[in-house]
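As given in TrEMBL:
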{"type": "DOMAIN", "residues": "18-159", "note": "domain 'EXPERA'"}
{"type": "TRANSMEM", "residues": "20-42", "note": "transmembrane segment"}
{"type": "TRANSMEM", "residues": "76-96", "note": "transmembrane segment"}
{"type": "TRANSMEM", "residues": "108-136", "note": "transmembrane segment"}
{"type": "TRANSMEM", "residues": "142-160", "note": "transmembrane segment"}
Amino acid sequence: MKILQIKNNSPSLIRRPIDFLYTCYFVVRIFVALLIDLVPIYPAKLTLEKLTKLQLWYISTFKDPLMGWKSYPGGWFFSFIFCEAFFQLPLFFYGIRGLYYNNPRVQIPILIYATHTATTVFACIFELIFFNVYFITLEDKIILVFLYLPFFVIPCIMILDMVSRLKHRLIIDIKHN
């Protein structure tokens, strides 16, 4: 099917600014995931002291109740961390490779990732806005929302972009058949 063919003569990644943005986003997400987000699920023997200190610095600096486990004690946020470890992290590497080679096969996984991430980050932002506790001021909430916002906005852009790309490829495929 033509929709899944790799373009061998496609322009380099640097000449595809939106793909370059997504690639940079995925690279940043790899570091954020490995150095901060996933630390709570690392086995104690494998957790480097510096990673724990980095996460504690983040929590104390930004007063993030989600990462500090001070939000509602349910397992919803912990489930998001497992999704990040076992679904998102592998997809970051796959996405980087697919975007680098302009492989259209990466579009559906990126669409799935973006939809999943936009939904989960929206839940986190909503929790941050409406979380009422003495140590989080309105200013703290605003800072946290702005920290989380790019991880919501960029996936929303990815959703619209990937749907558009897939629609375009399907229209071309239908016209040629």
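Just so it is clear, glycine is given a Cβ too, placed from its N, Cα and C backbone atoms.
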Intrachain residues whose Cβ lies under 8 Å of the transmembrane segment (76-96), provided they are six or more past its termini: 22-23, 26-27, 29-30, 33-34, 37-38, 40-41, 66, 106, 109-110, 113, 116-117, 120, 123-124, 127
Within the domain 'EXPERA' (18-159), residues counted as helix, strand or coil by DSSP: 110 helix, 0 strand, 32 coil
Arithmetic mean of per-residue pLDDT over the domain 'EXPERA' (18-159): 90
